[in-house]
Amino acid sequence: MLTFEALSETSEFARKWVPFCKKFSIEPRAPEWYFAQKVDYLKNTVNPSFVRERRAMKRDYEEFKVRINGLVSIAQKVPEDGWTMQDGTPWPGNNVRDHPGMIQVFLGHDGVRDIEGKVLPRLIYVSREKRPGFDHHKKAGAMNALMRVSAVISNAPYLLNVDCDHYINNSKALREAMCFMMDPTSGKKICYVQFPQRFDGIDRHDRYSNRNVVFFDINMKGLDGIQGPIYVGTGCVFRRQALYGYDAPKKTKPPGKTCNCWPKWCCCCFGSRKKHKKAKTTKDNKKKPKSKEASPQIHALENIEEGIEGIDSEKAALMPQIKLEKKFGQSPVFVASTLLEDGGIPPGATSASLLKEAIHVISCGYEDKTEWGKEVGWIYGSVTEDILTGFKMHCHGWRSVYCMPKRPAFKGSAPINLSDRLHQVLRWALGSVEIFFSRHCPIWYGYGCGLKPLERFSYINSIVYPLTALPLIAYCTLPAICLLTGNFIVPELTNYASIVFMALFISIAATTILEIRWGGVGIDDMWRNEQFWVIGGVSSHFFALLQGLLKVLAGVNTSFTVTSKAADDGEFSELYVFKWTSLLIPPLTLLIMNIIGVVVGVSDAINNGYESWGPLFGKLFFALWVIVHLYPFLKGMMGKQSNVPTIIIVWSILLASILSLLWVRINPFLSRGGLSLEVCGLDCN
């Protein structure tokens with residue numbers, strides 16, 4: 001009810017805001033962020049009426065905010081009998097888990113116009129049907145329902161997907177996406193144009209790597225040179241036909257060489273001309289039966305619904321009516337719309353009939369026994385449906401494009417405190433684990449299709465990264481154990497092993513430097529990304545691996561709430577807020593172990609002396625290297641000690657003590673025969 005009433009107020013405000021934006025080329029188009037800009041809006045002002053109209057618009061917006069806040073206050077006091085509409089009838093959506101489908105057109109061709117009498121963009125409220133016992137598939141199911149409704153009502157050939165916590169920062173960016181989509185040479189094979197995510201409300205140092213600069217400015221740009229970037233769930237312009245599960249159009253072969261430079265009696269030219277003639281004859285022979293088979297199928301499609309015309313005969317010939325209904329569902333209007341590559345609605349269709357059909361396509365049982373969520377639309381089976389959806393389109397031979405305009409196209413909010421950030425990373429990692437154990441795993445799915453080998457490697461990398469949590473935890477644990485036991489991680493290295501290690505280290509450093517220069521990423525961004533990779537790896541990735549195994553092997557499902565985001569760019573009061581979560585225990589345990597290990601190692605060297613300072617510095621280096629990577633976590637913990645739950649500290653100290661004592665008791669550096677593995681190394685028998 002609150003969303004419905006808020007959209008009603010928004011539609012009224014849009015009648016003034018939209019013409020104001022068009023008249024003065026306002027950027028960004030989000031009024032909250034536009035009026036919050038601390039810039040001189042009088043600079044380079046040509047139109048003398050701008051100042052007057054801007055003041056009036058700001059006053060209207062403040063009044064609009066008061067009305068919205070009033071609706072929020074009212075919504076917090078739910079009546080015992082539920083909400084009622086203006087005519088006194090109960091609101092159909094009083095039970096959010098059991099209600100019929102609802103659609104209300106606020107703005108559009110048949111709706112309210114702006115104050116200048118011009119047509120406004122469509123604004124339609126859609127609430128899909130919810131019934132107990134049906135799996136609604138969360139965001140993926142909602143996106144599929146919206147795609148069907150839009151196909152019935154407007155059927156535009158392109159779709160824009162933006163999350164609710166994002167806003168359009170550059171309205172001209174959509175034109176740049178259309179430049180790729182409508183390119184005469186390669187545009188037909190592009191399934192989507194992905195824009196990078198940019199965020200507001202992040203602290204200046206980006207302590208928890210919320211901006212993901214390395215991913216968006218290096219990794220995604222690199223993928224753009226193969227088959228295109230992966231779909232990240234927001235800030236993306238889609239080609240509708242690609243979402244319907246169709247294969248990408250095949251590239252037409254160029255005409256054969258004419259060999260004008262050779263005489264006519266040349267055997268190669270004669271052979272090629274003969275082959276060309278033979279191929280032409282075969283092609284003509286194949287065309288005849290195809291046209292005969294096409295006619296009854298086209299006739300069947302014409303009978304789908306009265307008034308539907310302009311269906312693509314080629315697609316209609318390939319997919320008869322029964323196959324189309326099995327794929328897209330029992331809606332003749334929607335099925336017909338899927339064959340219109342250039343979009344548009346059937347001529348002669350009334351708004352009432354289209355709304356009735358739109359209600360039908362958002363019903364609970366519409367997707368039963370269809371390919372929705374399997375081959376069509378947003379793909380089900382993972383909490384990260386975006387990776388699966390983009391992967392399926394690439395398997396059909398489509399290519400994607402990464403567009404990075406100078407002014408960011410979209411901006412959004414990111415989780416500001418560590419607890420919410422770790423939960424966000426946990427959700428992403430769990431989605432990757434789910435895909436890894438599903439039939440859509442890129443390791444074994446999609447061979448013999450349009451997916452390029454290097455693109456497959458990128459998808460494999462995007463789903464196996466949670467597995468790195470296991471060696472990472474071992475790497476962060478061993479330095480502390482070695483300091484506590486007085487043993488080193490590895491035996492003494494030979495000259496050859498040292499050369500190999502140095503060569504590997506130099507190659508990694510050189511690659512990092514080249515990526516920084518090529519992607520325009522700062523060293524601090526790269527370092528923050530490296531630090532949070534360790535923090536997230538030993539916590540979120542590890543728990544995602546455990547939860548994924550429980551879900552696959554034992555059928556235990558985990559539920560997620562929407563990640564809370566910060567919206568205030570001036571205050572970072574939540575930066576040090578630590579909410580209770582088990583994700584905080586592993587990094588704190590490792591931190592305590594390594595700090596204790598450093599203290600014990602230095603104390604032992606001072607009290608008992610040390611034969612050689614080299615091994616001690618080696619042990620201290622590895623332990624301090626782990627602590628430096630966990631430093632943002634430590635700083636967050638020390639920032640507001642009162643906010644750290646006592647149970648986290650108790651569990652962390654307890655685990656660190658148990659692991660240390662257990663290691664000392666077992667001492668794997670001592671063989672059964674009593675020989676020290678530290679001395680003889682790998683040559684012990």
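Positions of Cβ are set from backbone N, Cα and C atoms, glycine also.
Per TrEMBL, the features are as follows:
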- Lys138: UDP-alpha-D-glucose binding site (BINDING)
- Lys139, Asp163: Mn(2+) binding site (BINDING)
- 463-484: transmembrane segment (TRANSMEM)
- 496-520: transmembrane segment (TRANSMEM)
- 532-554: transmembrane segment (TRANSMEM)
- 575-596: transmembrane segment (TRANSMEM)
- 616-634: transmembrane segment (TRANSMEM)
- 646-666: transmembrane segment (TRANSMEM)
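The stretch with the most CB contacts under 8 Å to the transmembrane segment (532-554), chosen from 463-484, 496-520, 616-634, is 463-484.
Listed by sequence, the residues of this chain that lie at least six past the ends of the transmembrane segment (463-484) yet keep a Cβ under 8 A from its Cβ atoms are 387, 429-430, 432-433, 435-436, 441-442, 534, 537-538, 541-542, 544-545, 548, 586, 590, 593-594, 596-598, 600-601, 619-620, 622-623, 625-626, 629-630, 659-660, 663-664.
In this structure, the binding-site residues under consideration are Lys138, Lys139, and the one with the smallest number of other Cβ atoms within 10 Å of its Cβ is Lys138. When secondary structure is read from DSSP and collapsed to three states, Lys139 (Mn(2+) binding site) falls in the helix class. For the transmembrane segment (496-520), same-chain residues at least 6 beyond its ends with a Cβ under 8 Å from one of its own Cβ atoms are 214, 217-218, 221, 526. With a cut-off of 8 Å between CB atoms and residues at least 6 apart in sequence, the same chain places Gly233, Thr234, Gly412 near Asp163 (Mn(2+) binding site), listed in sequence order.
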